[in-house]
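Visitor: The domain 'Lactate/malate dehydrogenase N-terminal' annotation in TrEMBL covers 5-143. The annotation NAD(+) binding site is assigned in TrEMBL to GLY10, SER11, GLY12, GLN13, ILE14, GLY15, ASP34, ASN96, ILE119, THR120, ASN121. Residues or ranges marked as substrate binding site in TrEMBL: ARG83, ARG89, ASN121, ARG152. The annotation domain 'Lactate/malate dehydrogenase C-terminal' is assigned in TrEMBL to 148-306. Residues or ranges marked as active site, proton acceptor in TrEMBL: HIS176.
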Amino acid sequence: MARKKIALIGSGQIGGTLAHLAGLKELGDIVLFDIAEGIPQGKALDIAESSPVDGFDAKLSGANGYEAIAGADVIIVTAGVPRKPGMSRDDLLSINLGVMEQVGAGIKQYAPNAFVICITNPLDAMVWALQKFSGLPANKVVGMAGVLDSARFRYFLAEALNVSVKDVHAMTLGGHGDDMVPLVRHSTVGGIPLPDLVKMGLLSQEKLDAIVERTRKGGGEIVALLKTGSAFYAPAASAIAMAESYLKDQKRILPVAAQLSGQYGLDGTYVGVPVVIGENGVERIFEIEFDEAEKAMFAKSVASVSGLIEACKQIKPSLA
Ligand code: APR
């Protein structure tokens, strides 16, 4: 059987890490694409030269023309400008919307059957625009945010409780902004829901509240530390988990930005919800029952996303 083809549009910090991880996991042959000349070629060659050491077989190449992504099975989009200190994700809107228009056209022409994962921020609005610009079916275009936000939540919980990250399950829904919705009631450690852990005295309410807040601001914490860019290791790992679930038909339940068609009372918008990812892309969307507080948080987060989508429509009336 021929190897799968993974095209990475954007070969910056996340793009390079994606290529390395996809190689190490032998997910397929990898094409790095970027407008910057030499960067995708250089990273492809560097990673290819690591393959004999790590013992993985994958063809890696770099390109500056969209024809190189032809026939890709999976496309992961990181093209755009990352957040700088003091810049909100929303400041990126206008520049990155123009990038999504170019990327969407490239995908439409050369890889209309791909499963597309968008990482470019502001995430929910960018993936919404990318689906429109590319014209691909909504079940094949998703955004990566929830896996990353949930991973941060899980890591902070595991660290606080001094337990394995493997035994911590947590879910963060809604938009990929500071008003995302970490779901405390639906998150568990060793199968025990977080509110019960608090009742058992294993975790204080104050600590849990602080972890929720830190999760919400997780992206900004990294930006403040790095100063020259935003997070890339954990975002790349998160997108690779989504790509792997598609390529191997794992049917994992992952929180991803997916287009809603009636679920959660929303239609057409993209927002983070739990979905099953398998060979058909987004195969099912799980509709969780929220309590009143969760409902209010989700509505607030959706309102932020809707505001960004409206702003996109103002900038590019063809999207309206
Ligand atoms: N087409 C293709 N590539 C582009 C385009 C374009 N029109 N515009 C910019 N790029 C490329 C840049 O040349 C750069 O190599 O996108 C790459 C982005 O890489 P980085 O600046 O290193 O950003 P990265 O940290 O990888 O983050 C990418 O993901 O998390 C989000 O907010 C983040 O939107 C940002 C994206």
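Glycine too: its Cβ is placed from the backbone N, Cα and C atoms.
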Visitor: Expressed to the nearest Å, what is the distance separating GLY10 (NAD(+) binding site) and HIS176 (active site, proton acceptor) at their Cα atoms?
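Guide: Distance between the two Cα atoms comes out at 20 Å.
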Visitor: If you count, for each of the recorded positions ARG152, HIS176, the other Cβ atoms lying within 10 Å of its Cβ, which residue has the minimum?
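Guide: Fewest other Cβ atoms within 10 Å, among the recorded positions ARG152, HIS176, is found for ARG152.
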Visitor: Can you list which of the recorded positions GLY10, ARG152, HIS176 have their Cβ under 6 Å from some atom of ligand 1?
Guide: GLY10
Visitor: Taking the residues GLY10, SER11, GLY12, GLN13, ILE14, GLY15, ASP34, ASN96, ILE119, THR120, ASN121, which the record names as binding NAD(+), find the longest CA to CA distance and state it in Å to the nearest whole number.
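Guide: Result: 17 Å between the two most distant Cα atoms.
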Visitor: Among the binding-site residues listed here (GLY10, GLY12, ILE119, ASN121), identify the one with the smallest other-Cβ count within 10 Å.
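Guide: Candidates: the binding-site residues GLY10, GLY12, ILE119, ASN121. Fewest Cβ atoms within 10 Å: GLY12.
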Visitor: Which one of these binding-site residues has the most other Cβ atoms within 10 Å of its own Cβ: ILE14, ASP34?
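Guide: Going through ILE14, ASP34 one by one, the largest Cβ count within 10 Å is at ILE14.
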Visitor: Cα within 10 Å of HIS176 (active site, proton acceptor) is the criterion; apply it to the binding-site residues GLY12, ASP34, ASN121, ARG152 and give the hits in sequence order.
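Guide: Near HIS176 (active site, proton acceptor) by Cα: ASN121.
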Visitor: Distance between ASP34 (NAD(+) binding site) and ARG152 (substrate binding site) at the Cα atoms, whole Å?
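Guide: Pair distance, Cα basis, whole Å: 28 Å.
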Visitor: Count the residues of the domain 'Lactate/malate dehydrogenase N-terminal' (5-143) that DSSP assigns to helix (H, G, I), to strand (E, B) and to coil, and report the three numbers in that order.
Guide: 69 helix, 25 strand, 45 coil
Visitor: Roughly how many Å lie between the Cα atoms of ILE119 (NAD(+) binding site) and ARG152 (substrate binding site), rounded to a whole value?
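Guide: The separation of the Cα atoms works out to 16 Å.
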